[in-house]
Amino acid sequence: MNSVPTQTETEEREMIEAIEAMLPRFAKHRSALIPILQAVQQEHGYLSGGAMERVAEYLEISPSEVYGVATFYNQFRFHPPGRHQIKVCLGTACHVAGGDIILENFERKLGIRAGETTPDREYSVERVACVGCCALAPVAIVDGTVLGHMQPSRVEGLFVQFQVEREREEREKAEREPGGEQDA
Amino acid sequence: MIRITVDGKEIQTEQGKTILQACLENGIYIPNLCFLETREQPRASCRLCFVETSDAERPVTACTETVRDGLDVRTNTEAVRRLQRTAFKLIMSAHHCTPKTCPVAKPCQLMRIARHIQVGLNPRPLETLERDVQEEVDLTFFTYYPFRCVMCGKCVDVCRDRNERNPLTFAKRGFDTVVTFFGSGASNLPCDDCGACVAVCPTGALIPKPPPSES
C-alpha cells in the first residue's frame, strides 16, 4: 500500500466523498453490504481500503468483516483498473489449451499477479471465466479486443506494440506542443 | 439429568448439551479441532467428531447432535474411523507438519488425533497441497503461519465474542483463504491484553510475538 503514488491520495479522498454522498440511499443494515460494495465498484471501478472502512463505519460493522466479504467474491477488485486492461480466459477450453501459461506470461512480464495493476497504472491483469469463444482457445481480451489462439510470443508482441504506440503518442505530443505555442 | 450410553459405558449429562460436550466432560475423547464451547452454532467444519448413534442410520457429527435420554453412542466403529481418517488426511494435506521447528508443545492436538485414530501425520495416500500463500504473515501482535492453519475458525469466533468490532477475519476463499486483520486502526486494537485467538489456535498457526522490550 505504501508504494502507491501520492496521486491516489487525492483520488481516494474524492472517492470517499462520493461514497459519503451515496451511502444514505442504502439501509443502515448489514444486509446492504454487498449492494453498497457493488455500487461503489460500479462507480469507481474498484474498492479501496478507505472505501471499505467508510462502508463499515456506515453499517456499524467491523472493517474486517467488510474486507472478509469483499475478498470472498470474485466480482470485487481492490486495485484501480489500468489504462490497458488485460483479461485472460481460464474457462474450461482455455484452461485445457494452456490459458494458465498465458496468464503467467502476462504476470511475469508485468511483475504483478492476476487482479492487480502495475504501479504506473498502465496495465491491469485479470482472470475471467469463459468469454464465449472457446474455439479460439486460449483467449485473452486486451482493451476489449478478443485475441484468440494466444501464444507466449504473442504476449511479447503485444507489449512491443504498446511500446511503439506510446512512443508515437509521445512524439506527436511533443510535436504538437511547441507548435501550439507558436500559433498563440 | 439424562443418561446416555457411550461405547457401552453409561454417563450422566444435562439436557441441551451436544454429544461431543457430554463425552468430553465425562472424560471420553472424541477427536475434534473446530469445537468451541462458547459458539452458539457449531461450525462443524473439521469433520473429525463423527459418532454413530442409535438415532441415525449413518454417522453424525457429535458437535451438532444434542443428547437425548437413552441414546446409545458409539465412537469407534469402522464407519466412524473411516470418515475420521479421510477428514484427517485431508487436513494434513494442507497442514505442512514440521515437528522439529514447530513451536507447539508436543504432543499437539493433531498428534493426539493421529494416535487416537491410528494414522500417521503425513497425508499419504493423498497428495500434499501446495497453496499459493505466504510462509509467514505479520499481524502486528502475532505472526500467522498459513501452512499450519487448518481453517477451524476458532480464532475468528473468539475474536468476535470478545471484541465488539472483531479485528480478526477470514479473507479470500478456497485454498487461498487466510486469517487476517483489516483496517487502518490496527495500532489501537484491543489485542495487547486479549490474545484469545492465539490461545485457542489448535495448530500453532498463530504465534505471539515476543514483546519488543525483551530484544
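All residue numbers here begin at 1 and follow the chain in the order shown.
Cβ coordinates are placed from backbone N, Cα and C, and glycine is handled just like the others.
Record features, source TrEMBL:
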BINDING   A:CYS89, A:CYS94, A:CYS130, A:CYS134  [2Fe-2S] cluster binding site
- Task: List, in sequence order, the residues of the same chain other than A:CYS89, A:CYS94, A:CYS130, A:CYS134 whose Cβ lies within 8 Å of the centroid of the Cβ atoms of the recorded [2Fe-2S] cluster site.
- Result: A:LEU90, A:GLY91, A:THR92, A:ALA93, A:HIS95, A:GLY99, A:ALA129, A:VAL131, A:GLY132, A:CYS133, A:ALA137, A:PRO138, A:VAL139
- Item | Cβ neighbour count within 10 Å of A:CYS89 ([2Fe-2S] cluster binding site) | 30
- Determine the Cβ neighbour count for A:CYS94 ([2Fe-2S] cluster binding site): the number of other Cβ atoms within 10 Å of its Cβ. 28
